[in-house]
Amino acid sequence: MPKRQDIKSILIIGAGPIVIGQACEFDYSGTQACKALKEEGYRVILVNSNPATIMTDPGLADATYVEPITPEVVAKIIAKERPDALLPTMGGQTALNTALSLRRMGVLDRYNVEMIGAKPEAIDKAEDRALFREAMAHIGLETPKSRLANATDIKDHDRKSHEAERSALKAKLSGDELDKALDELENQWNLGEGDRKQRYVNHAMAIAAQALDDVGLPAIIRPSFTLGGTGGGIAYNRSEFFEIVGSGLDASPTTEVLIEESVLGWKEYEMEVVRDKADNCIIICSIENIDPMGVHTGDSITVAPALTLTDKEYQIMRNASIAVLREIGVETGGSNVQFAVNPENGRLVVIEMNPRVSRSSALASKATGFPIAKIAAKLAVGYTLDELENDITGGATPASFEPSIDYVVTKIPRFAFEKFPGAEPTLTTAMKSVGEVMAIGRTFAESLQKALRGLETGLTGLDEIEVPDFDDNGDGRNAIRAALGTPTPDRLRMVAQALRLGMSEAEVHEACKIDPWFIAQFKAIVDMEARIREHGLPADAENLRMLKAMGFSDARLATLTGKRPKEVAELRNALNVRPVYKRIDTCAAEFASPTAYMYSTYETPFVGAARSEAQVSDRKKVVILGGGPNRIGQGIEFDYCCCHAAFALKDAGYEAIMINCNPETVSTDYDTSDRLYFEPLTAEDVIEIMRAEQENGTLHGVIVQFGGQTPLKLAEALEKNGIPILGTAPDAIDLAEDRDRFQKLLMKLDLNQPNNGIAYSVEQARLVAGEIGFPLVVRPSYVLGGRAMQIIHSESMLQSYLLDTVPGLVPEDIKQRYPNDKTGQINTLLGKNPLLFDSYLTNAIEVDVDCLCDGKDVFVSGIMEHIEEAGIHSGDSACSLPVHSLGTDMVDELERQTGALARALNVGGLMNVQFAIKDGTIYVLEVNPRASRTVPFVAKTIGAPIAKIAARVMAGEMLDEAIAAYGKKPNPRNLKHIAVKEAVFPFARFPGVDTLLGPEMRSTGEVIGLDTDYALAFAKSQLGAGVDLPRDGTVFVSVRDEDKERVLPAIRILSDIGFKVMATGGTARFLGEQGIVATKINKVLEGRPHVEDAIRNRQVQLVINTTDGNKAISDSKSLRRATLMQKVPYYTTMAGAEAAALAIKALKAGNLEVRPLQSYFET
């Protein structure tokens, strides 16, 4: 079936900011879809608010809207662009929910827009729990016993009543009078949303109480139309049940939850399926979760293909998954179907399905090489699978050829519980991981151990771990069983530790329900470790190769034998035990693959020597090291830089080689670089690739500055191995990190720095803190994302930091050296990585500056003014570009100081400087001579691909020459528009965690607001970040004394546009003296009714609150948590409060307009 000719333009909805449950995988799928549809000649319109994505590059779609993804804003885009079709399956849950809202609002019908890829009926049937259950029963497939709790009946009644009122007005009035009456009716309807929602929740809770009697405990609660299991969980008792149901009903846009019988401990599988209009169906990949049911699949360790199914079981599941797609009605694209299997009797039940490209689709694509998103986009416009070629095999096979793989893929999630003190590190059906790593090996053991070291959490393999409450002298088995029975990020290591401590495989299985086959595999690794400890390293190549084929890294072998990793590497090289590289080709080597998508293995065939499929070219080449698994502080922004480096180097005639291990990213797409190695980013793995590539052609160098801290840590090892590093020298990067050397540089350049000190021990830390005085900022050296960075207000806080926080940074090898000596552990760590202390500059303005330098010339690409005060991590701060309150002289001086620093460090490529301005004096906070997370934001705002320019400079071009390759040199100080970047946080995922921001980064993603007006740009940034700014209602104000004068402009604006004001005693008194009427309300500590009650009763629509001192911060924690749970916008800085007030005023005036990114740079 040829492509459709009746469609000319297609709107793609992206996924928006990176959040837990929806990450880079949708940039990957969206980018593939944009390219695939443009390739077919369609006009592509894209909406996505995330500036850090490749898909929002202005050259990818024909019209790129970096606007908030809300139904109202997307409706404006549709009205402006009039697309023929809407593709909602590439942007995760955000895109699906937005598309369904547009349909319900009548927007799609009004503008005659057809939904392609997945019909609305199919989405409803898959996402609506009741419809899905009925559909499965219709085709004879079981689902777990369940009951729905919702408020459908009273919702329908409310909607009909509202429509009746509208009809009555239309019958009675006309013209302007009718329009005014309808607007007033809608306004009243919208104001009553909170009350209606509460009624719906109460009604659904009553149904849930009845359902509990039917389903029993434990019960699994699954909210409808949510992302990554948001709001759901497992209830083991009645109080947990009602708490989780309440949370789920609140999270569900349809106020509906499914209450399901427990299938805890059952085996979990996923099938990735693609179907076309001609009913051709192929299974791309089967995926098996090592963790049993009860852990969200995004938080589970998974393998592909499924390893514990018999062929008969696989065929049953394969047929069932195809039947599910047919029944749901998915006929143009990919879907993933999740199953649970009872290991006792083989009973198979369907858990759910996603009628769209998903996180699992990205994993399946990278695991097999099959480009699911690209094929799905083409199926959506009418093609059938047999009409499309498989790119990986160079067209030797059609897309209808079902992929087969001759290796094992392991995915392990990465968590960030350390960023959220107080969060329970227990895994449930609500997703909590922030990233993932994927590894490929010829055996499960090789794949698993590669994935473990690829996580970059300090693991070298299946490392030892301490069992909580384990007693060597008594019976420790109960402690082990308890640890095994609780799903945590470390459970896999706990299984290995239980086997080391003598538990049988059967006992371990009984405690954790992980399949016995996997436990036997872990036992084989543990037994081999014991042999290595006893006998040392083998002296012959055959046995050493056998250990490497089991996935043992040089570092792990060194730990087991008491040697250094360098000694193991030397022995390995002397015995010529080296990896070979195999290709991922979708066809298990049945056809030759021209696509250089590779992984390493030490496994040898039964006959003859191992054969490498690397086919190293004779070209001049540059290697780019990626960022590894996403984590807070190091995410999609760095992947964006790596992709741009690959694009630029290809433009400049180099062979671009990418090394990365993150399955979610565009950088690990097979066509981003010329050659892709899907490998862990460790010194051992990277150096082996370099050696392989040096066998032919010329290795011009390696780029370590684009992937965040991950590749920077490898710079020293690469340099020692004679591998040229492009751009800024590692010594200059070290100078910027080394407090003593950096201080001398600033003194030489006559630049200011906050009063500071450095501590190499616990005792020295106390002395340095005493000299600087409180408040102060403390952080470990050589970290990214402000890891373990804190503002310290008192001696007791410092003591807590030293004895509670710092021990969490101590690596395993130091802990093992000083098993019962916490101070010894800390001092050993600080001896190499000291603590850095800075005086905390209160009420200072923080500024981020990005620049490019070729060692001589400097181009300042962006000066960003933070809306939060100094002391909030720059990655968590909202900021504007260009600056909005700094004068020309100040900007001139910031440019001068940036240029001086770049030249002094002899920067080749990108550099980021963070300044603080207090009382007219500029202080240098830190310098990062590498890519920063603001690079994509700056690039989108000024209209220049600065990461591409930097890559060419690093390869040897002069700055002006590299800029000229991409058009005219922009002038960031002369923009006719303003951009505001806002951070997005995962606090709702971590109950009990304080939402107060500080110097440790906690955001997972970001959005951009772009407009010619600052207030509207800020408004768009808030809407994009999910903050629904109120147009009417009550603002609650409580600020410290020093902020009372500064809060007045914001309160006057809000009061003038009709907001009521509520305030605590001191603030209410002050506002009254200034002529502003404010209703007094109690603080939480002053007795009830207090402000928290008002927030929970939906009497407050906006909060402005600042606190000072440790006790006040602690006392106001419950207030911050209440605003989060009730989704009330909350501002903690005066600049933020004023920006919000101006934004609300602009929104109320109805001034919000949408424009494509390209239009801002048209001359």
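Each residue, glycine too, has its Cβ placed from N, Cα and C.
Swiss-Prot has this to say about the protein:
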type	residues	note
BINDING	E352, N354	Mn(2+) 2 binding site
BINDING	Q914, E926	Mn(2+) 3 binding site
DOMAIN	1027-1163	domain 'MGS-like'
REGION	1-456	region 'Carboxyphosphate synthetic domain'
REGION	148-170	region 'Disordered'
REGION	457-614	region 'Oligomerization domain'
REGION	615-1026	region 'Carbamoyl phosphate synthetic domain'
REGION	1027-1163	region 'Allosteric domain'
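Note on Q914 (Mn(2+) 3 binding site): other Cβ atoms within 10 Å of its Cβ, all shown chains, come to 20. There are 25 other Cβ atoms within 10 Å of the Cβ belonging to N354 (Mn(2+) 2 binding site).
Helix, strand and coil counts from DSSP across the region 'Disordered' (148-170) read 19 helix, 3 strand, 1 coil. When the domain 'MGS-like' (1027-1163) is classified with DSSP, helix, strand and coil residues number 69 helix, 19 strand, 49 coil. Long-range Cβ contacts of E926 (Mn(2+) 3 binding site) within its own chain (separation 6+, distance under 8 Å): A736, V913, Q914. A C-beta separation below 8 Å, combined with a sequence spacing of at least six in one chain, links E352 (Mn(2+) 2 binding site) to A126, F132, R222, V337, Q338. N354 (Mn(2+) 2 binding site) falls within a strand when secondary structure is assigned with DSSP. Q914 (Mn(2+) 3 binding site) falls within a strand segment according to DSSP.
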